[in-house]
C-alpha cells in the first residue's frame, strides 16, 4: 500500500513537470509570432518588394510601347516545281492571305488582352502587398496568429499572380483554328506543322540631345534599347504646328529611311515643328499604339545666320529631304 502511494505521488510529480508553465507558453507563442512575422517580412522584402513591383510596372509600360509581329515557323519549306525540281519557298508565298489576316486580328486581340491582364495583375499585387503590410503592422500577437492560415493563403495567391506576370511578359504562341495553307494549291507536297508566334521589337525613341533645329533645317536622331539590324526601316513624320499661308500649309511630310539619323531641309525660320518617328509598317505587323514625338522650334535669322548646304553635308547616314 505504501508502495502504491509513493508511485502515485511520483506520477503526479512527473505529470506536473511535463506541463509547461504559463511563462513557457507565453515564450513559445512569442517565438512563433516572431518567426512567422519574419517570414512575411522576408516575402515583402524579396518576392514582393516595392522595387520589384516598380520594375515590373516599367516593363509593362515598355511592352505597351512595343511593336508586335506575327512569326511563322518554319519560315521556308521545300516544294517541287512543275518539273519536279525541289525549290526552297518562303512560307508566306503559300499561306492563304485572307486566313493570315484573320490570324493577325487574333494576334492583335491576344496582345491587347495580355497587356490589360498585366496591368490588372500588377494592381492586384500592389493591393495584396498593402494588405500584408497592414496585417503585419497593425495586428497584435493573438490576432496575427489567429489569421495565420489566411495570411499563408494570401502569400500563395500572390506568388501565383507573380508567376502569371512573368509568363505574360513573354509573347506566346498563337493557336490557328483553321489551316493557313490550302492543300489544293500545293498538290503532292507534305506541308509541315505550321506554328505561329508573337514577337516584339523595342519602341523607337528620339535622342533629345542630338535632335536640334537651326534656322531652316533640323537634324533628327533616334535609337532603340537593343541593337537594330542595319536594314531596319523607319518613317519620320513632320508637320508645321501653326500655319497661316498656303506656303506654310505645305510644311509637312514623311521621310522613309533605313538609318537612325535624318536631316529635314527647307523649313521656315522661327516656327515650331512636330516630328514623329515610327517603324515602317510590314506585312507581319499586328499591333502598335505608341510613337515618340518631339517638338523643335527653328531659329530666327538673328539667332542663326547659317544655312544648311546639302552639297557640303556628310551624307553617310543622313537623308536630305525638301518639301
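Even glycines carry a Cβ here, placed using N, Cα and C.
If you check TrEMBL, you get these features:
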DOMAIN    30-196  domain 'DUF5581'
DOMAIN    201-300  domain 'DUF5581'
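Look at the domain 'DUF5581' (201-300): DSSP puts its residues at 4 helix, 45 strand, 51 coil. In the predicted model, residues of the domain 'DUF5581' (201-300) average a pLDDT of 89.
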